[in-house]
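Worksheet: the structure to be examined is printed underneath.
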Amino acid sequence: MRGGKLIFVGCILISLFAQISAVKKSYIVYLGSHSHGPDATLEDYELVESSHYKLLGSYVGSEEKARDAIIYSYTKNINGFAATMEENEAEEIAKHPDVLSVFENTIHKLQTSRSWSFVDMDNAERDRIGALWTKAKFGRDIIIATLDSGVWPESKSFSDEGMAPVPSKWRGYCENNTKDGVPCNRKLIGARYFNKGIRAFNPDLNITNSARDTDGHGTHTLSTAGGNFVPGASYFGYANGTIKGGAPGARVAAYKTCWAEFCMDADLLAGFEAAIHDKVDVLSLSIGSAPVTRGLDYLDDALAIGSLHAVAKGITVVCAAGNNGPDGTIVNVAPWFLSVGASTIDREYLSSLRLGHVTVIKGATQESETLPQNRLYPLINSSDAAAHGVAQGDAALCDDSSLDPEKVKGKIVVCMGGVVDADTKTSNVREAGGVGVVIVNQTEEADYLTVGPNFLPSTMISYKHGLTLLSYMESTNKPLGNISPPESRIGVIRAPVVADFSSRGPSNSTPEILKPDVIAPGVNILAAFSPDGSSTDIMSDTRSTPYALLSGTSMACPHVSGVAALLKMIHRDWSPAAIKSAIMTTARTRDNKKQTIRDYTHEEATPFLYGNGHIRPNRAADPGLVYDITTDDYLNFLCALGFNATYLSNLTETPYFTCPSEPMRLENLNYPAISVPALDKTFTVTRTLKNVGSPGTYKVHVVAPSGVDVVVTPAELSFSRVGEEKSFRVAMTSKHRTIGKGYTFGRMVWSDGKHYVRSAVAVNVVA
């Protein structure tokens with residue numbers, strides 16, 4: 001009898017395992033590139049699609065089944081398809097000699113942070129971008145595109161007033177055939193949606209067939225990159241003034257590949273495929289993913305694959321570095337990406353806290369609601385207002401359902417900062433009947449003021465001022481206070497500061513490439529927004545706004561995309577690598593106080609936080625020299641990671657690519673920064689500079705990383721013409737006292753007296 005039970009249970013387990021193995025998921029089958037040439041026809045594309053049906057059909061039983069299984073067939077630039085299949089089928093098709101990789105259709109996420117610091121756009125930065133734009137007005141055929149959550153076409157940021165007809169090179173269009181469709185004009189020249197991948201992942205997801213933006217993220221990023229001039233813009237009265245994108249005269253296009261903040265590999269590749277075919281010039285990707293842990297994983301990642309194809313076609317691809325800071329690892333680290341971290345800027349929003357009739361404490365806010373100023377309100381510590389059965393620690397944070405309405409009603413509630421989002425704290429106080437909120441920073445070491453846009457009078461105060469507040473509340477039986485109306489001031493605080501949420505280097509997969517590349521404004525950025533979206537993410541907040549202040553590397557990324565577009569307008573023959581080099585080597589590492597850029601704890605930041613520094617658009621227009629990189633250089637880099645030539649030859653339109661007989665050292669990719677993750681006594685890297693300015697002689701200046709001797713040979717380079725290239729070597733020798741102490745940092749600068757070509761240097765001494 002017992003044996004019969006075992007047999008029965010065993011049958012159940014076998015059945016369960018069979019069901020699990022038979023579960024169908026969606027996968028990407030990547031086959032490399034096409035060699036259509038510029039005159040490809042619809043028939044060419046149909047032949048490719050048929051080949052995909054034939055290939056998959058040989059594994060799933062028939063071409064008819066393959067037609068039902070295939071979600072996307074990538075036929076124009078990227079060669080491959082997305083299809084639903086069983087795991088064992090995916091494993092088998094991966095063995096086919098023409099298949100480069102098979103990977104599951106996984107999720108990427110938009111990179112907006114709900115943590116805010118109180119600063120806004122550096123006015124001097126606006127002027128510099130404006131001056132650069134004046135030089136580039138003739139280049140209005142440049143097209144910036146985003147892969148994001150779409151666009152709100154009625155926004156004034158996408159007005160086409162005064163714009164010339166759409167460029168003749170443009171192949172794209174707007175999908176406007178439904179009630180939620182998106183109309184085109186001479187500014188917004190493309191808007192398409194891709195949702196088959198996310199529908200395959202979750203068929204029950206309630207999404208529309210439209211490129212229209214319902215959450216605000218896509219509208220915000222696209223307008224930041226290329227939005228037109230809009231006077232009188234503000235967020236409920238904050239940051240009032242004229243807004244514009246980085247390249248306000250550029251054309252813009254939106255490829256909606258992200259839904260409810262999530263973006264699937266299959267949809268992203270479809271977006272890349274369309275953008276490349278449509279002839280965009282700059283792709284802005286405010287999207288993050290799990291950090292790549294091995295270089296060999298690059299071609300199992302839709303963002304890395306799609307962007308490599310785009311760069312090979314001359315498209316500059318700019319990516320968010322991720323919101324995993326301060327402890328999380330940077331994402332989007334492939335060397336063909338321009339990876340952007342986030343920094344603060346120099347506007348702050350002030351709201352003072354009055355205690356009794358005398359003491360006034362400086363605070364920060366971003367709230368449109370104000371209290372009457374002719375009276376004082378009772379103050380209560382949230383830990384003293386805990387609901388029945390709630391721990392005081394939860395109430396201290398103003399967590400969900402932690403406050404007793406009878407104790408809170410009509411009072412200003414003092415909440416401790418951290419753990420729970422500031423907007424959630426404020427919402428919880430509001431629901432409990434409180435009239436205002438004071439959030440006290442818990443740590444002196446990271447004493448920066450962060451509070452999001454809310455709809456209850458609120459202010460955040462520092463740890464030091466929090467002690468003053470708590471001392472006052474303990475000194476009287478009836479503590480009273482009021483929160484003043486907000487005011488904004490420009491140029492009064494240190495900026496830029498690396499945002500706390502901005503992801504840090506080094507890269508896990510290829511630490512030989514120093515990331516991020518640069519930082520750019522990414523905190524409290526005012527830009528266009530979808531009226532259907534929520535700027536606070538609070539369920540009870542039903543307010544609508546055409547403009548919003550958002551933060552994240554999502555917001556930093558399109559700043560750089562706009563600058564890249566401006567550079568493309570001025571320098572039509574520059575490669576994506578040259579544009580990236582110009583932006584990187586002209587970046588600054590000092591703030592507006594002429595001190596080294598700091599992080600949010602007030603400590604000096606390093607290149608693992610800011611890369612080569614904070615962008616300077618005007619300087620980037622005339623960098624003097626650039627570090628250029630070709631598609632073959634990137635393929636050689638992949639060879640060095642372990643990919644074979646047969647595999648890599650399928651990535652290009654030239655089928656005869658071969659790997660070098662001696663693999664390159666990864667450190668020797670001609671990157672505008674230098675990273676040596678394992679210096680064993682001595683190491684030499686090589687670089688090549690290309691002249692893109694006037695003839696001249698450049699001399700090198702080196703600030704060596706601590707514990708490392710650095711010698712550059714030759715120390716002087718002379719250029720007589722545009723396009724001339726000169727190579728040099730950087731020899732590094734370790735000093736024993738730095739072994740095992742981690743990375744140290746330095747810099748290398750080539751200058752002719754007018755131009756300063758800067759490179760960050762990071763070295764980890766191991767012997």
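Note: Cβ is positioned from N, Cα and C throughout, glycine not excepted.
Now, the feature entries from TrEMBL:
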- 1-22: signal peptide (SIGNAL)
- 26-110: domain 'Inhibitor I9' (DOMAIN)
- 139-613: domain 'Peptidase S8/S53' (DOMAIN)
- ASP148: active site, charge relay system (ACT_SITE)
- HIS217: active site, charge relay system (ACT_SITE)
- SER554: active site, charge relay system (ACT_SITE)
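Cβ environment of ASP148 (active site, charge relay system): LEU110, HIS217, GLY218, THR221, LEU222, ALA254, TYR255, LYS256, THR257, CYS258, SER284, SER286, ILE287 lie under 8 Å away, each six or more residues apart in the same chain. Confidence across the domain 'Inhibitor I9' (26-110), taken as the mean pLDDT and rounded to a whole number, stands at 93.
A count of other CB atoms within 10 A of each Cβ picks out SER554 as the most crowded of the active-site residues HIS217, SER554. Sorting the domain 'Inhibitor I9' (26-110) by DSSP state (H, G, I as helix; E, B as strand; all else coil) yields 33 helix, 30 strand, 22 coil.
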